[in-house]
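Annotated features, as they stand in TrEMBL:
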DOMAIN    15-133  domain 'Ig-like'
DOMAIN    136-258  domain 'Ig-like'
DOMAIN    279-389  domain 'Ig-like'
DOMAIN    397-522  domain 'Ig-like'
DOMAIN    538-659  domain 'Ig-like'
DOMAIN    691-799  domain 'Ig-like'
TRANSMEM  819-841  transmembrane segment
Amino acid sequence: MKDGSKVRWTGQSQARIVKVPPGPLVRVEGEPVSIRCDVTQYDGPREQEFDWIMSKEDKRRINIISTMESDFTDAALRSRVASGDITIKRLQDNVVELRVKAVTAQDSGTYWCRTPSTDSVTSGNYEAQVILTVIPKSLKVSPQAPPPVVPEGSDLVLACNVTRDLTHSTYLSVSWSVKKAASPEELLTFGPGEGVTVGVGVAQRFLDGGVRFLPGRNGVFQLVISRAMASDSGVYGCTGTEWTSENRKWVQIVQSVTEMGRVTVTPTDQSLTVKTSSPSSSSLLLYPGDTLTLTCSVAADTLDALALEVGWLADGRELIRMERGGVVSSNSSKGAGLSLERTGAGEYRLKLREVSGADGGRYACRTRAFVKQGGAWLQTADKTSDAVTVKVSEIKPNLTLTLKAALAPTTTDDPAELDCNVSAIAHLPAQSRLAVKWEHAPGDANNPATAHTVASLDAHGNLIPGPVYAERLKGGAVALSRVQPNAFKLRFLQMQDVDSGEYVCTVSSWSVSSQGDATQTSEYKSPPLPVRWVRKNPVVNVAAKTVREASVGGATFEMSCKAFPENLDDPGFSVEIQWQDGLGGDNKTIMTLNPDNVMQHGPGTEPNRRDALVLTKSGAAEFRFRLAGVQLSDKGYYWCKVTAFKKQKPGQTWTKVVSSESNKVRIDFQENGLSFSINLHSNSSSVFPMETATMECSLTLSGSSPQTGSVAYEVRWYFSRLRGGGAPVLVGSMSRFGVVSKALRNSSSDVSVERKDADSFLLSIHGTQSSDSGEYQCFVTPWYVSAATGAWTEAGELTSSRLFLTVRFAVWDSLKLPLLYGAAASLVVGLLSVLLGLLFARCCRNGGRSGGRNGGVPILFPDKD
């Protein structure tokens, strides 16, 4: 610090250290030089002062420059210091750098860095020295000018001569770069040492061998770019650098950058030419059966370096192609009649044998050029030659058609076969093909309808069905075939009424081109052939009858429908159950059953009634309809609508033939409702205490038979202590949903209410007491589903007769246990008394005898008498 304050720069017991580079330093004349000096482990101000001094062979020291004294510099160097050629730069408080802009040979010598002492105790070193050797500038870079224009795919060689005078141990490196835009791109650097550094842009090409370094003799180095591409165009430069090794590190001491010149890589597309020609022996006007020969000539500046892919186009569509490796692939149906071969360098020949009229068109040769970069092929050009026109002169073929019925139908459902034969064929080329189209005009001779296509076979043999017959053709009921090259057949497995009419076959000749395209050359139509028969119209009659009559609401109604077909073989039937409220009313469909026995409910069916409806097939042509639990809303007329169907072939879809309706069957009844009666009884009207008393409340109903689950009851049990009077008390109840409720009781006995069966209910009193004696009565409210409305309806309340229950008091049963216990206790006490008396008597007798013998007072007992 310049304020004079004293600080300890490092820890105590350490000595000052002044350091400069280890050296010796080798620099080139005219190049800048920087020598660093730093001091550590010192006392005193943080900012230290430095002096630079040099000495030569005569050991005389020359002051160069100082950070503290402005007049420190020697007179011989003052001009250079004043001009700024020699400067001292403080980098930190304890670090400075001596800088020389252009070093000279006279600057060689030993350089001393000295620091004045600021320590309280002199310790360590206060100066350090390094040797600087200045050598002459002998680096020379002499590149060879590259060719200004290089064809794409050829090799680009960049040669550069880098030398220097070997006066000291220095090393060289050579670098190549290319400038394509604003900044140059590094390609490759060799040295210093033996290492090679590759730029990012060419790293992969270097690994693949596309960029190579070749060291030569006498300082000549070469960079070879194999198979140059258009993207390699630019201004190339060569850089030579001289290095020295200091402290195991490379230090650049001089460098020379030289521009080699601009290189333009010409794209293959600019030099590639493709031409199509025909040999003199061949003419571009051909006749059917001739051979077409065309030659494709390919030329380029670097043809040997290119891999070619050649293809022939006909009217823009590729016929055949030869890959880079020589593999030929064809897209034509000509097979061996079409070939492509390589006859020489850049020469490719196309041959098309036995041409037809369809082979005429514009032919061109398309060529793609590729260059291999590393392991991949890169396309560099794609060119197509001018097209040449090939004409094939043809004479229109002449055909004669004969249409006849090989198998004529006599009635509906009979099979039929129609033959269309082609004869008197003239001027039909060998490669031509025939196609056929069958047409049908329904109706009779006096009133024909518009003809429509049955089906056709095209020139390739593909079946094209007409819209009317598509389904029958798909199922095989109608078949179209080519029995011979000039004979066609149309088959019907079963003729339908709609098949009656006139038939026409149309035969056309087609010429197939080398690429598989077919061109029509002629067309001939046969005279119409009438195919008709005497029709027998199919008829179906339907009869309906009542199997089970519904006379009351809730009953089951059952109806049978039977179909009687005529002029129908193996028909299938569908049935619809129709309903009408009254004569002249609207019709509703209740249920349907299709020929595959799939049942569906109609729009006239209420969703909650569907479980009561049944429709089944009971015979080959008979059906049964059942309606359970009829209601007033079901009254009306019922009948069947039966539709007959046929299948042309097993597995095909059904075809509707005829429909008919049956006679009508009526449902009519009166709703009288239900009547109920009630009875209360018990197996025993007298019980003892703690026993169980059971009473049964039974109901009987009369009227129309209800369906299961259509009747329910609410049951309540009442009790009165007085016979024939007194207010009854509710004992328990059961709702019509089966929910049981019991009233609060003061007695220790318990009651239960249960349902025995659909019309019987039980009341049980468990552990009876005397307080349970009295009259019991059952009250029931019936609920039933009304046949007229289908809703739950409450009937009038029913009251049973009274049943008196007596709980008897058993005197003997209540006293027998206490008497038995008392008698047993008395007997036990008596026996104990007798036993004790005997014991005492014996003890007294024995005591008297003993007293006489011992001189005691005798005890006298009276005699028995």
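Glycine is no exception: its Cβ is also placed from the backbone N, Cα and C atoms.
It should be emphasised that the depicted structure is a prediction, and the values quoted were computed from it without experimental measurement.
The stretch in closest packing with the domain 'Ig-like' (538-659), judged by the count of Cβ pairs under 8 Å and taken from 136-258, 397-522, 691-799, is 691-799. Most Cβ pairs under 8 Å to the domain 'Ig-like' (397-522), among the stretches 15-133, 279-389, 691-799, belong to 279-389.
Within the chain, the transmembrane segment (819-841) has no long-range Cβ neighbours under 8 A that lie six or more residues past its boundaries. Mean predicted confidence for the domain 'Ig-like' (691-799): the pLDDT average there is 84. The domain 'Ig-like' (15-133): residue composition by secondary structure is 11 helix, 56 strand, 52 coil, according to DSSP.
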